[in-house]
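The structure appears below as structure tokens.
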Amino acid sequence: HTKKDLDGFRKLYHRFLQEKGPSVDWGKIQRPPEDSIQPYEKIKARGLPDNISSVLNKLVVVKLNGGLGTSMGCKGPKSLIGVRNENTFLDLTVQQIEHLNKTYNTDVPLVLMNSFNTDEDTKKILQKYNHCRVKIYTFNQSRYPRINKESLLPVAKDVSYSGESTEAWYPPGHGDIYASFYNSGLLDTFLEEGKEYIFVSNIDNLGATVDLYILNHLMNSPNGKRCEFVMEVTNKTRADVKGGTLTQYEGKLRLVEIAQVPKAHVDEFKSVSKFKIFNTNNLWISLAAVKRLQEQNAIDMEIIVNPKTLDGGLNVIQLETAVGAAIKSFENSLGINVPRSRFLPVKTTSDLLLVMSNLYSLNAGSLTMSEKREFPTVPLVKLGSSFTKVQDYLRRFESIPDMLELDHLTVSGDVTFGKNVSLKGTVIIIANHGDRIDIPPGAVLENKIVSGNLRILDH
């Protein structure tokens, strides 16, 4: 494993040393042609064939499970954080696929791409799914050495990664999936079993469920020419200005990330009018195409240089790649503009509040927007730094407020919420330094600004 990892690292490192300047020439970026991004409604309108089970049996679901819950103050894999009724991201994923397999009498497997950070903890927990109707496989993404920013030399002194040297290594982004999946032997195993497509998504995107209409479009394409790569994109809102976007570049669809954009054009890149869509990182990819391109060494992804500072203060860089950037290497690729509901990532406790609330109902592992919500969009929620860690966040809510009629919530400072609070319209709650605000049980706040000190004591 180590030898394969270091071979991969060497290739990436050589490219990093050779390439100068930005990886895209801004002048060559064009809007993608009309037919290269299809509206989801059009794909759905084709309906489903009678043999949907045989179509489903050609699918493998892959979840990117390399991330830790550190940004939410948790130790261990992010996928093991409780999201809804004690269910973790992983529980919900297994429930979704088990529901598919039972409903259609199919055998859709789940594959987790772990990193050396998440592998051990994830494998321990997998035993609890032994009786589920889902075969679960895992493989590890590579482990690359971090690079000293000044000397450009690897920080690691040897290949061990215990004790002090754990900080010297990192998983190189999800673009590593192609090589790692191929090297693990799973790719060949699935091809031998007659599987044809993988559906890849982030495990923390609760909207990324298997969509039968998209799968059918892949397997039975209208013009007889199969797509090797489908990227689900969705319309940008003001909150998504940093998301990568699909463009036409030198005659091919190409994913452009904000990190690749020259500084002078960043505002143009963020404009909602010029680039209307962004990548959800829900991807449908042909297994045979991955094998072919991997063997030809023909998958080309831009290098993302990610600067980090280690605990001791050493500045390092990590060379990473993104899975969606490979779209330009595949034949006949396509974007599908999907409803926003297929992009429901939980990156912060503000996101967690939304998915735990009555805005969503849970059915067979899938979250759907409550029919009682009158607007199709979710409220904008900003919780302050006292809520960053999951355990602090949970401590501050005696129960999750009713948010069906909420448009905007900002909370800052030492604030707690009693049971059965209702939030409507725009609510802003600000406790200044040294103050504390307890929102009393049963309170209804509609278009209110609460500030200063508000404490309710039991007598």
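A Cβ is built for glycine as well, from the same backbone N, Cα and C atoms used for every other residue.
Per TrEMBL, these features apply:
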type    : residues                              : note
BINDING : LYS78, GLN141, GLY173, ASP204, LYS347 : UTP binding site
BINDING : HIS174                                : substrate binding site
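Of all the binding-site residues listed here (LYS78, HIS174, LYS347), it is LYS347 whose C-beta has the fewest other C-beta atoms within 10 angstroms. Highest local Cβ density among the binding-site residues GLN141, GLY173, ASP204 belongs to GLN141, counted as other Cβ atoms within 10 Å over all protein chains shown. Here the CA atom of HIS174 (substrate binding site) lies 16 Å from the CA atom of LYS347 (UTP binding site). For the pair LYS78 (UTP binding site) and the residue listed as 'substrate binding site', the C-alpha distance works out to 15 angstrom.
Here the binding residues for UTP are LYS78, GLN141, GLY173, ASP204, LYS347. Their largest Cα to Cα distance works out to 21 Å. Taking the C-alpha positions, the distance from ASP204 (UTP binding site) to the residue listed as 'substrate binding site' comes to 14 Å. Rounded to a whole value, the Cα-Cα separation of HIS174 (substrate binding site) and GLN141 (UTP binding site) is 8 Å.
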